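Pulled from Swiss-Prot:
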type: DISULFID; residues: Cys4-Cys54; note: disulfide bond
type: ACT_SITE; residues: Glu61; note: active site, proton acceptor
type: ACT_SITE; residues: His91; note: active site, proton donor
Amino acid sequence: EAPCGDTSGFEQVRLADLPPEATDTYELIEKGGPYPYPEDGTVFENREGILPDCAEGYYHEYTVKTPSGDDRGARRFVVGDGGEYFYTEDHYESFRLTIVN
């Protein structure tokens, strides 16, 4: 599926330049799990309106573990059905388009 919407306005970051836990999460997503949290893989509704406006169910969210702390923390990947990976480290307040290859 082709990516939905215009992503040209997003800051880009290479996967290798993110915390190592981001690579761990990316590899789990590419394998289809298993995921450490039941919320992983659920639909991300884009209520904040920051990501391109796509059909309901287009985006899914995944936890990027935070080394300290027992909760899920604030880091996530939001992945589009077209293969876009958006990284947030502030719980959806901002996103960077992640270059995964």
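Including glycine, each Cβ sits where the backbone N, Cα and C put it.
Remember, it's a predicted structure, so these values are computed and weren't measured experimentally.
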Shortest C-alpha distance to His91 (active site, proton donor) - which of the recorded positions Cys4, Cys54, Glu61: Glu61
For Cys54 (disulfide bond): intrachain residues, at least 6 apart, with Cβ closer than 8 Å: Cys4, Gly5, Asn46, Gly80, Asp81
Same chain, 6+ residues apart, C-beta under 8 Å of the C-beta of the residue listed as 'active site, proton acceptor', given in sequence order: Glu39, Asp40, Gly41, Thr42, Val43, Phe44, Arg76, Phe77, Val78, Val79
Three-state secondary structure, Cys4 (disulfide bond) (per DSSP): coil
Among Cys4, His91, the one of these recorded positions whose Cβ has the fewest neighbouring Cβ atoms within 10 Å: His91
Per DSSP, three-state class assigned to Glu61 (active site, proton acceptor): strand
